Structure formats: structure tokens, C-alpha cells
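As C-alpha cells, the structure follows; a few thoughts come after it.
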Amino acid sequence: MLQYSTWKYVLAAVIILLSVLYASPNLYPQDPAVQVVANRGGVVDDNLVLRVRTALDEAGLTPKSVAIEDGDLIVRATDVDQQTRVADLLRPELGSEYNVALNLASTVPEWLGWFGARQMAMGLDLRGGVQFLLEVDQQAAIDKRANAFADEITTVLREGGIPYTGVSRTAEGIQVLLKDAADMERFRTALAREAPELDLVPDEARPERLLARMSPTLIKQIMDQAIDQNRSTLDNRINSLGVGEQVIQRQGASRIVVQLPGVQDTAEARKMIGATATLEYRAVVGNESDWAEAARTGVVPPGARLYYMRPQVPGGPRQPILLSRRVIASGDQLVTAASQPDPQSGTPSVSIELNRAGGERMLAFTRENVGKRMGTVYIETIPEVRIVDGQEVRSSRVVEEVINAATIQGVFGRNFQTTGLDSMEEAATLARLLRAGSLAAPMVIIEERIIGPSLGAANIAAGTQAVFWSFMFVLAFFLVYYKTFGIVTNLALLLNLLMVVALMSVIGATLTLPGLAGIALTVGMSVDANVLINERIREELRNGNTPLASIANGYDKASGTITDANTTALLAGVAMAVFGSGPIRGFGITLILGIITSMYTAVSVSRGIATLIYGRRKKLAKVSI
């Protein structure tokens, strides 16, 4: 008999309601906007709103609105051209205290956001997106490696018991001065064993002097590694934003291009892409009187470096402190990081877990220095925009400040906590950056621009019309050819499309041209499934079965064939999603979602609709099919 359980009707109603809810945000267009986010020292308040409005009025720009939304200042522009002009105006006007970024502001009603409903992201080929051009400071990577070699040379001298006068960086390389030239051969042997990458150049005039240089091959390797590591780190950071189908490519010797399709928060993307925040742990040297003397005279003890503590209040005095030049552990050795309130003080903190090498160094240091102090250095690269001779000049400055100098209470190794951060937001950002990996060298965003769809607006419009009219022709064909069951089939097809859009919006998938092809394919598969069911019902009627029995048998006998056919296609989609990348993966994900929804709508939902129409008619004599 033709039956459909009550719980299945309830399930179908819930699915339809959720599909409408989560697909509806895609009906609302987005406004081109400029987003202003406060960096350290900046505040987003009514004074900033007034300042921005005044600047816009003086420039003759009239946007749709200027308001604070979710803690950021949003300027909604009338079009993309005005959006670019507003951003170009505000960047030099607001300076380094604020991050000014191009964005798309949602017009989705607030109540939809209560349910987590959001718009589906579209790829560069359909919607376009934002493109960043970054310049990698490769010299900083070379300097970083040279400083590491200098520390390694100092370690070799100390562990070998070789008296020396000094180890210093020069334009030519790393200069080493021994107290006795007789120790030179022993030093060269030990250094060649520990740092074989260095070229050792003796000084014939001064036998106690040695110059250690990095070879041109090593320098090129460092520069290439800096680009590769930065690309990998950028990929991790962008993935943490939930952006799909991003493009990260090397351009020339020192530049990286990042393309983010359909990105919703370019301000956050700018912060994550350009940020180089990391931590270093160093031993504290001397006491407060030594620190004050070093700050006053500029004379720093050998092996130490002068830092300043982060002010306890913004704009407050910065206390000097001396730390060892030797790094105990850094963000490079991190395994994972998580932000959380400190259990004892309740202040913002980051829980750190180091890798084996970092943990062993930390364990060895704390074992020998219980009761002494260790400083945590917070290092951040802040982008800056200046106007020079009427031209926008982008640069960056590095801020190094000690966020705490705590006394070591006991021995610890891989796991510990770092406090001294200003807010939980800063702790969360730092933890996310540390998890994504540190940059091998600082980067500066030298260009940011909105890029249009690669297919062109005309092609997209033509493609959209083609999909729309083909779908309408399919609906018309079913209505004419299968009559009442054509209505059933059409409702199932429409629900199938609605569910695919809703699911892609929920999971945050990026819709690209291959994704559209996947949707078209699943609609075709859904059509095939409904044709199988309808033709099976016709066959049962021709065999002399009653109308109700024919409908029930048609669904029962066709379901197995539909399931088998879709299972094989589902396995192919899983393979593309797991092993593919870029467009292949996007096609696979869309195909998987479409197959699942088409099987449900064709086999279950259409049967429920047919049961509603015919199920209660006990003396049914004819079926319109």
C-alpha cells in the first residue's frame, strides 16, 4: 500500500524550513564597503565616526552610511569606484593606528544571523574577490640566519673553552676575535663541525681574527626558503579564516600574490596576512639598577640587549630591562597554542606547547635557573602608510617589547603559560598566529585591490540565464509529459536545488564554475531518478496493477536502482574531494552534496507528496501520469 510515516513528514517539513532559512541570505545583495579596524593605540568610537564623516564631506564623498558595526567602523559605498576612493582617502588620514580595508558589507537581516545563516561565498571566476600583493623582506631573513650563526659561534667558543675578545656582525660577515691566535685551528675545527655552511676566511695580517661568511648559494637558499615558508604560513593563516579556493603564488624574486575569492572580512584577512607577531623567551640579565644605567648611558653588557617593558597603561612609562641575546625558545618551535584566562590571576594568557627541541632547551634552562627571571618578548610588525610627494608609500615597523619578566618558580619544559597580554582578543590573535606558523621574513602589503570575475560579467549573466531557462524547460517538460506526477517531480527538483544552496551556505563552501557544473550534474541525476520512478509506475499500471499499488511498487522497485547508481557517483565525488585540490575539490564537494540531496528528494520527498495527493483515495481508479 501507498504509505508515508508521520515522522517522515515532520522530517521533510523541518528540512524544507531549514533549507529556506539557510538559503535565503543569498537573496540579499552586498554593499561595497570600507572597513576600519583599530590597531593597538586606536579606538573605534563616536569620535572616529565624526572624524571619518568630516574627511568624507571635505572630499565631496557621500556614502550610503558611516556607522559602527560589530566593533568596527563600516563605510558603505554606493559603488566600487566610491569604495576605492574612500579607502584611498582614509588610509593616510587615519595612519597606522587603524587598519583600512576593502570589504563587502552584508545586507542580510540581523535576525537571520541569530541562526547562523550566511551567504554562500563565490569564487574569483564568478564573483571576483580581493587581491593582495606582498613584498617579502628577504634581507630580514638573511639577517635572522646571520644572527643565529653568531649565537652558534659564541656557543662553540664557550663550550670549547676558547678565550675570545668578541663576536660581531659586519658588512662582510661575522667577525670573530680570539685572545690567542694559537687557539684558531681548534676553533676552526669545532666551528666547521657545528656550522659547515659557513665559509671561514682567515686574516693573514691578524691571525687571531677570523671572518665567517655565508656563501652566495646559502644566501639564495635562505631567500627561497623564506618565500616558500611564507607561502605555507599564509596558506595556514587563510585556512583559519575559512576562505576556500584561495590562490597563493610567488611573483618574481621577492613577491607573493594572494587572491581571496568572495572574502567577507578583508580587514581580518589583512591582519592575518601581514602580521608577524611572535614570542621569544630570553633570560633576564642584571637588576633594575643595571637596566636603568644601560638605558641612561647606552652601554650594554656583553651578551645582553636592552629592551623596554610594555606600559601597564596605554601611553604610560616604559621601563628598561636587559635580556640575554641568546634565545631560549621562540614561536618557531611551537607545536600548538591556545588563549585562555590565567587560572591564578584571571588575566589573558596563551598556553604554549613547544616541540621536542624547544622543550629540551626550556627544560635545561629552567632546571639551572629556578628562582631567576625569564623575559617574554612580544615581536610584532606593524604596517604603515605615508604620503611622500603625493604618493602613497607603504612600509612597516617592528615593535619589540617585553610583556612579562616572571620569576621561574619551578622546572618546566614543553608546556607552560605566557601572561602579560592586554586583552583576550590579543591573546586569541597571538595564539592563532602561533598555531599557523611564523613567517620566515616580514612582509609588507604593497597593493590591495578588488578584482572582478575572471569570466566577465556578460559571460556570468549569459551562463546564469542558460541555467535558469534550461531548468524552466525541464520543469515544463515534466509538467506536460507526466501531468500530476510532473508537479511532484518539479517540487522535488526545486527542493533539491534549495537544499544544495542551503548546505553550501552552511558549510561555507566556495561556489566556483566547476561547482556550478556539479550542481547542474546533480540536477540531471535527480531528473534521471524521477524519470526512473515515473516510468516504473507506468510499467506497473500497464501490468494491470491498481493505481495505489502501482505507485507504491514504482517507488519500491526504483529505489534500489537509484541508490546503486548514486552510490558509485558518490564514491567518485568523495575521491575528488579528498585527493583533489582547487576546482577539482570544489566540483567534488558540490557533487557529494547534490547526490545526497537528490537521493533524498527523489526517493523520499516525492513519495511523500504523491502519498498526500493519492494516499487517502481508497477507490482511486486512475493516476495522472
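In case you wondered, yes, glycine gets a Cβ from its N, Cα and C as well.
Annotation source TrEMBL lists domain 'SecD export protein N-terminal TM' at 2-102. The domain 'Protein translocase subunit SecDF P1' feature in TrEMBL is assigned to 227-284. Look at TrEMBL and you will find 317-441 tagged as domain 'SecDF P1 head subdomain'. Summarising the annotation, TrEMBL assigns domain 'Protein export membrane protein SecD/SecF C-terminal' to 444-613. Positions annotated as transmembrane segment by TrEMBL: 466-482, 494-521, 587-614.
Within the same chain, residues 15-16, 18-23, 25-26, 116-126, 242-245, 261-262, 455, 463, 467, 471, 475, 583-584, 586-591, 593-594, 597-598, 600-602, 605 sit at least 6 positions outside the transmembrane segment (494-521) and bring their C-beta atoms closer than 8 Å to a C-beta of that stretch. As a whole-number mean, the pLDDT of the domain 'SecDF P1 head subdomain' (317-441) in this prediction is 80.
For the domain 'SecDF P1 head subdomain' (317-441), DSSP puts the residue distribution at 29 helix, 64 strand, 32 coil. Taken through DSSP, the domain 'SecD export protein N-terminal TM' (2-102) splits into 53 helix, 23 strand, 25 coil.
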